[in-house]
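Read through the structure below, which is laid out as structure tokens, and then see the notes.
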Ligand code: PNS
């Protein structure tokens, strides 16, 4: 396991400006970064996984995030199995509040037991502290403007392309 290779996992349904901020910070810290779309069985999805991958790729390119950034998806089992496959020694999670700490801590401990993978918590810009995918999903489904909260390709898609889903 290489401590210079990291995975940023999440549902990314849809990607938000908070996600992009964490991806930018992590890309600057690690030699290689895997942005991994993982199906979360505890959440009802809005977007198909293929669409989330496309939106992440477009958003990362438009934000000019540099470095070795791989966008992929994983539905074959444990997150740490993907990390082991690509040799990643680190999982990166964004922490907005104590609620996130409480949600992420048990997963971090379990993942360390499962595969000796460390979890690193990054603090996003406070400007994004209140943004969540679930709020964006709710506002978008009710016809509201989500452009202050998501990257431009996501806002464009939710405004137009999402009608065809
Ligand atoms: O963006 P989310 O929904 O908060 O991301 C949660 C996610 C997908 C990272 C988490 O549910 C996860 O790691 N799922 C993979 C399944 C797994 O490995 N579970 C055991 C360790 S927690």
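The backbone N, Cα and C atoms fix where each Cβ goes, glycine too.
Feature annotations, courtesy of TrEMBL:
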type	residues	note
BINDING	11, 12, 19, 94, 95, 96, 104, 128, 129, 130, 131, 132, 133, 134	ATP binding site
BINDING	11, 43, 79, 93	substrate binding site
DOMAIN	8-138	domain 'Cytidyltransferase-like'
SITE	19	site 'Transition state stabilizer'
- Relative to the Cα of residue 11 (ATP binding site), which of the binding-site residues 43, 79, 93 has the closest Cα? 43
- Query: Taking DSSP states H, G and I as helix and E and B as strand, how many residues of the domain 'Cytidyltransferase-like' (8-138) are helix, strand and coil?
  - Reply: 62 helix, 29 strand, 40 coil
- Task: Return the members of 11, 79, 104, 131 (the binding-site residues) with CB less than 6 angstroms from at least one atom of ligand 1, or none.
- Result: 11, 79
- Given the binding-site residues 43, 79, 93, state which is nearest to residue 133 (ATP binding site) when distance is taken between Cα atoms. 43
- Length of the line joining the Cα atoms of residue 131 (ATP binding site) and residue 93 (substrate binding site), in Å: 15
- Pairwise CA distance, residue 79 (substrate binding site) versus residue 19 (ATP binding site), rounded so that it is a whole Å: 18
